[in-house]
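Undergrad: Sharing a structure with you now.
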Amino acid sequence: MLTQQQLKQQAADAALEFVAQVAGPDVVIGVGTGSTADLFIDGLARFAGRLRGTVASSERSAQRLAGHGLPVLDLNEVPFMPIYVDGADEIDANLHMIKGGGGALTREKIVASVAERFICIADESKLVQRLGAFPLPVEVIPMAREAVARSLAALGGQPCLREGFVTDNGNIILDVRGLSITDAPGLEARVNDIPGVVTCGLFALHGADVALLATQNGIRRLTR
Ligand code: 5RP
């Protein structure tokens with residue numbers, strides 16, 4: 001019986017095979033945030049010197065990448081990336097995701113938007129029938145906290161401030177329980193439209209292109 005950590009390692013290793021296919025001196029890889037992404041970063045170290053560099057979705061990942069000698073580039077210098085690799089808190093069969101458990105959702109969405117393909121790496125426990133058991137993280141500009149919380153409550157959610165947490169962008173996170181997510185792209189658009197919301201952790205308007213889900217019987221690959 002493989003542990004969750006071993007499953008995460010399998011998923012990270014599977015994503016490294018994608019890197020091997022695209023690696024080259026002009027190639028930049030987009031890198032996510034979280035414990036699964038950390039394992040991917042550790043494996044990416046073997047590509048140091050064989051890539052132009054990486055773009056990180058958080059200060060945390062940037063530090064880990066730099067620690068392995070992998071150049072971390074400013075996204076403004078990078079017009080194209082073949083792949084962006086990141087974990088998820090939940091993913092469904094449509095490859096819609098909830099992300100942001102680590103609070104890096106906004107930069108994750110931005111970096112992913114520049115990549116040709118989003119490769120989601122996770123252990124199979126992240127695959128769900130319907131998104132929403134995991135509280136939806138929403139990054140909010142601090143002065144809008146209460147106004148946004150009221151709007152989220154009007155959508156049927158129960159927002160809760162993530163105590164003692166400030167995002168890399170200087171904002172706060174509201175974690176929202178109790179949302180009925182029957183239309184993930186529609187809800188993503190509605191939440192993102194609330195004044196004061198930077199972005200929400202639904203990745204459904206642009207979901208993953210490939211999911212590499214580690215199971216006790218090997219990697220289960222889902223594609224759109
Ligand atoms: C961070 C994220 C992560 O991808 C998500 O929380 C999954 O993390 P882990 O790989 O540690 O389970 O969205 O903002």
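A Cβ is built for glycine as well, from the same backbone N, Cα and C atoms used for every other residue.
Got these off TrEMBL a minute ago, pasting:
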BINDING   T33, G34, S35, T36, D86, G87, A88, D89, K99, G100, G101, G102, K126  substrate binding site
ACT_SITE  E108  active site, proton acceptor
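Walk me through the surroundings of each of these features.
TA: The DSSP secondary structure for K99 (substrate binding site) is coil. Take the CB of K99 (substrate binding site) and look out to 10 A: across all protein chains shown you find 30 other CB atoms.
Sequence-distant contacts of E108 (active site, proton acceptor), defined as residues of its own chain at least six apart whose C-beta falls under 8 angstroms from its C-beta, comprise G32, T33, S57, S58, D86, K99, G100, F203.
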Undergrad: What are the sequence-distant neighbours of K126 (substrate binding site), meaning same chain, six or more residues apart, C-beta distance under 8 angstroms?
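TA: Residues satisfying the criterion: G87, A88, D89, E90, I91, L213.
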Undergrad: Kindly assign T33 (substrate binding site) to one of the three DSSP-derived states: helix, strand or coil.
TA: coil
Undergrad: Residues with Cβ closer than 8 Å to the Cβ of S35 (substrate binding site), same chain and 6+ apart in sequence?
TA: K8, G87
Undergrad: So, in DSSP terms, is A88 (substrate binding site) helix, strand, or coil?
TA: coil
Undergrad: List nothing but the one residue from T33, A88, G101 whose Cβ has the fewest other Cβ atoms within 10 Å; the candidates are the binding-site residues.
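TA: Lowest Cβ count within 10 Å among the binding-site residues (T33, A88, G101) is G101.
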